[in-house]
């Protein structure tokens, strides 16, 4: 892609998100989300592969549906209450509609079916943008409206953690596994949103760091399915030794960074007298942990030539910069001791 066009698209992507962040009027927030969607579509379809075009079409239709739903809900809110202000939402009907529209935008269960299919059709770099940056604007709106219907949020959160764990069990494609991982992590964030918005932000930031590391590892190894991970030992032995730790951090095992948000979320749910919800969420984390362990097994305990019928891809080195990967891997593995500092920052 032409560098000037790429710079323009990335600028549009950043500007759309910034407009949504800064807006207090629903029309401006909707416009920011639309700019965001329109800027990423050429990036998704840039390889002109049939799968990429199919994924782009699915993404566009889904986001257009969610945006139309959002606009309809905000118009309904203005009709019922006379207010266009995001932070002055009071009527339960438009709040519920907007919550469901934003759930469709970020890919929460039960409106999640588009996310694995779309992510599977993209390259790893665009998939990383879709899994991280594209979640920011809808989350900013969710944090601002503070949905009052706790039952909907808990149902969305628990469904997402269950489906995110269950759906990834039988997958062999890494991008689909990462999509189901995203759904599960978003479920944890939505569970705690109404009780501690700052804890949701901490979980989102931690998820971004861990997902960034995981995508960069797969990009460095040029891996798109589980079998291709078996060749990584000959390419980058040190990274191959660290990757299971990154995956287990995504699964939320101590003493890794990914344990911090899950630990604090379970603690907060218990404080809110939601012990059954916390127990169910903790059990669904085991489903996700299974497929992370499967990836770790394929990467470190499988001999590299045993399932490759043709050429030897481990002989080619990747031109990718390793400094971002080194920084994000360090953060993914070693931020747990900063939990007391995080708790102090979260305490109002």
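Every residue number used here counts from 1 along the chain in the order it is shown.
The backbone N, Cα and C atoms fix where each Cβ goes, glycine too.
Annotated features, as they stand in TrEMBL:
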DOMAIN    23-286  domain 'NADH:quinone oxidoreductase/Mrp antiporter transmembrane'
DOMAIN    289-342  domain 'NADH dehydrogenase subunit 2 C-terminal'
TRANSMEM  60-80  transmembrane segment
TRANSMEM  92-115  transmembrane segment
TRANSMEM  151-170  transmembrane segment
TRANSMEM  177-195  transmembrane segment
TRANSMEM  201-221  transmembrane segment
TRANSMEM  233-254  transmembrane segment
TRANSMEM  274-293  transmembrane segment
TRANSMEM  323-346  transmembrane segment
Long-range environment of the transmembrane segment (60-80) - Cβ separation under 8 angstroms, sequence gap at least 6:
26-27, 30, 33-34, 37, 41, 89, 91, 93-95, 97-98, 100-102, 104-105, 114, 118
Using a Cβ cut-off under 8 Å, which residues of the same chain at least 6 positions beyond either end of the transmembrane segment (201-221) come close to it?
124-125, 127-128, 131-132, 135, 139, 143, 174, 178, 181-182, 185, 188-189, 192, 228-229, 231-232, 235-236, 239, 243, 246-247, 249-250, 257-258, 260-261, 264-265, 318, 320, 322, 324-325, 328-329, 331-332, 335, 342, 346
Outside the transmembrane segment (323-346), six or more residues from its ends: residues with CB under 8 Å to it:
196, 198-199, 202, 206, 209-210, 212-213, 216-217, 220, 239, 242, 245-246, 249, 254-260, 263-264
